[in-house]
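Student: To start, I am sharing the structure in question, which I have written as structure tokens.
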Amino acid sequence: MATQKLKSLAYIGTFGISAFITGTYFERKFSPQHNLKNPQDSPIFSTVFAATAVSPVPSETNVGRISQIMKYGFPGLDNVRSFDNFVLSYDKRNRVAHWVFEHITPECCKPNDQVDRALSEFTPDESIHPFFRSLNSDYYKSGYDRGHLAAAGNHRVTQKMVNQTFLLSNMAPQVGVGFNRDSWNRLERYVRRLTRTFKNVYCCTGPLYLPRKEANGKNYVKYEVIGANHVAVPTHFFKVVVCETKDGQFEMESYVMPNQVISDDTPLTSFMVPPETIERAAGLLFFDNIARSKFSKINHKKN
DNA sequence: TTTGTTGT
């Protein structure tokens with residue numbers, strides 16, 4: 001009896017370890033270092049493993065910039081990838097990011113003759129395993145836009161930075177007219193404009209899949225999936241923004257907008273929700289490294 | 001101003 005139990009334990013153990021090794025092998029096999037077509041446009045370092053010591057960081061990285069962007073904490077640690085000017089956590093199950101994180105400064109947003117958005121192409125992210133990678137064909141004729149999570153307009157420093165925002169790992173299916181091209185864009189422009197007042201703006205953006213009460217009175221999470229890879233269509237999107245004031249205080253604003261046609265005259269303030277609501281719904285913690293007492297304002301109200 | 005799709 002005891003031996004039997006030991007045997008099955010050993011079996012489970014072996015299976016677990018070999019599965020782990022296989023997983024690691026595939027992650028490494030498909031990590032950018034092993035799959036370089038265009039090194040300039042690829043992420044700097046591959047998946048972050050929270051509990052394993054693998055993949056030493058290549059020497060010529062912008063580690064300084066990344067720690068600057070993530071200075072106030074990671075919202076989560078699932079499949080983190082860093083690019084020249086933003087950081088992304090990828091949801092392999094939904095084929096859409098969990099979150100993207102940006103540190104937006106006046107320099108990032110100002111017009112730049114050296115950069116042309118029209119030269120950028122929507123590109124599959126080769127650093128994602130093909131099982132979990134979204135493709136242009138998934139979006140084709142779906143009726144949805146390939147909507148940026150990290151907005152192209154926040155990364156006008158170099159052409160390479162803008163190009164990286166066009167990776168499909170940074171896209172989510174968004175309603176085009178009335179949402180992505182209108183009210184969501186209005187929110188993105190508003191966040192950019194905050195850099196006129198605040199020199200340091202931190203912005204976390206991501207999808208939500210929110211439950212809805214159906215006729216039988218029970219709550220269900222229901223969302224469409226598109227294309228052969230079943231890319232999830234989020235029901236909502238969130239943006240959590242933190243502005244650093246000159247006197248070392250912070251102001252936070254957090255928004256949730258439904259992925260649907262929104263009237264242009266709807267004020268952005270009507271989409272403000274408490275940050276805790278988003279944290280619970282998304283399973284993330286925002287700006288964990290800032291003591292809540294340091295926020296002078298949350299959603300325009302004194303804290 | 002910035003956000004984008006589709007068909008040829």
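Yeah, the Cβs are placed from backbone N, Cα and C, and that goes for glycine too.
Automated prediction, rather than curation, is the source of TrEMBL annotations.
Found this in TrEMBL, in case it helps:
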type	residues	note
TRANSMEM	A:9-26	transmembrane segment
DOMAIN	A:82-293	domain 'DNA/RNA non-specific endonuclease/pyrophosphatase/phosphodiesterase'
DOMAIN	A:83-293	domain 'ENPP1-3/EXOG-like endonuclease/phosphodiesterase'
ACT_SITE	A:His148	active site, proton acceptor
BINDING	A:Asn180	Mg(2+) binding site
Student: Between the Cα atoms of the residue listed as 'active site, proton acceptor' and A:Asn180 (Mg(2+) binding site), what distance do you get, rounded to the nearest Å?
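Tutor: Here the two Cα atoms lie 9 Å apart.
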Student: Would you identify the secondary structure of A:Asn180 (Mg(2+) binding site) according to DSSP, in three states?
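Tutor: Where A:Asn180 (Mg(2+) binding site) sits, the three-state DSSP reduction gives helix.
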Student: For A:His148 (active site, proton acceptor), what is the secondary structure state per DSSP, taken as helix, strand or coil?
Tutor: strand
Student: So what's the average pLDDT for the domain 'ENPP1-3/EXOG-like endonuclease/phosphodiesterase' (A:83-293)?
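Tutor: Mean per-residue confidence for the domain 'ENPP1-3/EXOG-like endonuclease/phosphodiesterase' (A:83-293): 96 out of 100.
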